[in-house]
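As recorded in Swiss-Prot, the features of this protein are as follows:
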- 45-65: transmembrane segment (TRANSMEM)
- 86-106: transmembrane segment (TRANSMEM)
- 108-128: transmembrane segment (TRANSMEM)
- 137-157: transmembrane segment (TRANSMEM)
- 182-202: transmembrane segment (TRANSMEM)
- 218-238: transmembrane segment (TRANSMEM)
- 301-321: transmembrane segment (TRANSMEM)
- 347-367: transmembrane segment (TRANSMEM)
- 373-393: transmembrane segment (TRANSMEM)
- 411-437: region 'Disordered' (REGION)
- 449-501: region 'Disordered' (REGION)
Amino acid sequence: MMTTANAPQANRALKTKDTSQADTKLSALFAARHDEQNLQSPYDIGLIIVALALMTIGIIIVTSASMPVAERIHDNPFYFAIRHGIYIVGAIIAAMVVLELPMQFWRTANPYLLLAAIGLLVAVLLVGRTVNGSTRWLALGPITIQAAEPAKLFFFTYLAGYLVRRYEEVTENLKGFIKPLVVFFALAMLLLLQPDLGTVVVMFATTIGLLFLAGARLWQFFALVFAGVLAVVALIVFEEYRMKRVTSFLDPWADPFGAGYQLTQSLMAYGRGNWFGQGLGNSLQKLEFLPEAHTDFVMAILAEELGFVGVLAVLGLILWMVVRALQIGNKALLKSRPFEGYLAYSVGIWFSFQTAVNIGASAGILPTKGLTLPLVSYGGSSLIVMSVAVALLLRIDFELRVDGVQALGRGDNKRTSKAKAKPSAKSAAKPAVRTKHTNAEPFADAEADYNQAPDLKASDVNAPDMHESSEDAPVAKTKDAGSKKASNTVSPEDEGKAGIKAILARVSKEASSE
């Protein structure tokens, strides 16, 4: 026998064994849940590949588009390419850090992130750096930060948290619907003072989309859209440079060397691209004919060098990423994780709308706006923030996968414990021997015990243990009479009945004692 001193050690050994078995079982369940390609990583490999593919295309096109202007300004044709490569490394590091943060951090910290967004937008107005008439950058030594980029992400995390905390207010009364719009309008005013109408439009579209998905009433949704369109029109009409952009967008060839110059050069780049492009590095518009060729108009250079096929490939990758973000959001909502669902939805809407505005502006479909192409255009702030957004999608998907595996593990453990506890104490106490007696219909409650009882005869039954009736008295007398034969000799059929009753009486006694 085990001594008292050795008992704790034995218990610890058993716990260690159970833990190792649970870890092994969890790994097996995860392996069974995913195919062989995803077996090495619990993350969405497809999403990682698409994001890296867009970054790779981005550095190739940025290198090609920026060489002439980099040579003229910095005497180094690879100046912007090197910086963009550094930004990509920083973006990957930032994404890896965010990937280690649980979603609980974002759920609890989103109000503080909103305060950080407001602080950044106020700081850029006070000590920001002005470029081309816009004050949008904070200079931190050799690093410049475009404050609007992290402000977008921080606002979306706050909005997702608000929709979870105030879901009933948003869906049932106007007050809950208006509250997040007040926060949005405060941020919009700070952005318009820079000025940065493009970011305001993207944030507004994402806010509308999230409120609609959260269950806002339809009339509120349409009223908000109508009010937003009126506000944008008013902002355009009362600002002369914005009005010039709109008029040049409607007819850029009316002033091809003035207000419509940038758009006409971009359209010529698209026209020269044809189906398969002029070849990588063979663009003419990048020779400083097209301003901002490596930032806002990088898609025009890509279209000129890689043609319609190249544009279609980039659009396909971004579309896949957007659809995947919406799928992750829908999966999170179905698994009762609304914060993660709304945040994933916001990333999908954000990426899709910003892509549409960037390409629409460079193709003459929309007025020109200073918005980057996600993960492709030159710009450290945009690249890092959007990489962090992709990392959030990966983290949400990872936690959903882990939840699924743990649920499978819990279900398997329950089934195992039920299987172990299936034999009852009564059935374990009696030998599983087939009986010859089958006349047990009047005793349905004790049928299982009767079926596993051993064969007995009336001679094996003690009279005191039986609840005798007047009919059973001759049986007891026959037992006491020994070998003498009386006139009331018991038949074999009566012996069987007496044995059955004796067994059932014993079962009844055992049940009452328990």
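Including glycine, each Cβ sits where the backbone N, Cα and C put it.
Highest Cβ contact count with the transmembrane segment (108-128) among the listed stretches 45-65, 182-202, 218-238, 373-393 falls to 182-202 (criterion: pairs under 8 Å).
Tertiary neighbourhood of the transmembrane segment (182-202): same-chain residues 114, 117-118, 121-122, 124-125, 128, 134-136, 148, 151-152, 155, 158-159, 232, 235, 239, 242, 350, 353-354, 357, 369-371, selected by CB-CB distance under 8 Å and a gap of 6+ residues from either end. The transmembrane segment (137-157) and the transmembrane segment (301-321) are not in contact, since fewer than 3 Cβ pairs between them lie under 8 Å (pairs 6 or more apart in sequence). Against the transmembrane segment (373-393), stretch 86-106 shows more Cβ pairs under 8 Å than any other of 86-106, 218-238, 301-321, 347-367.
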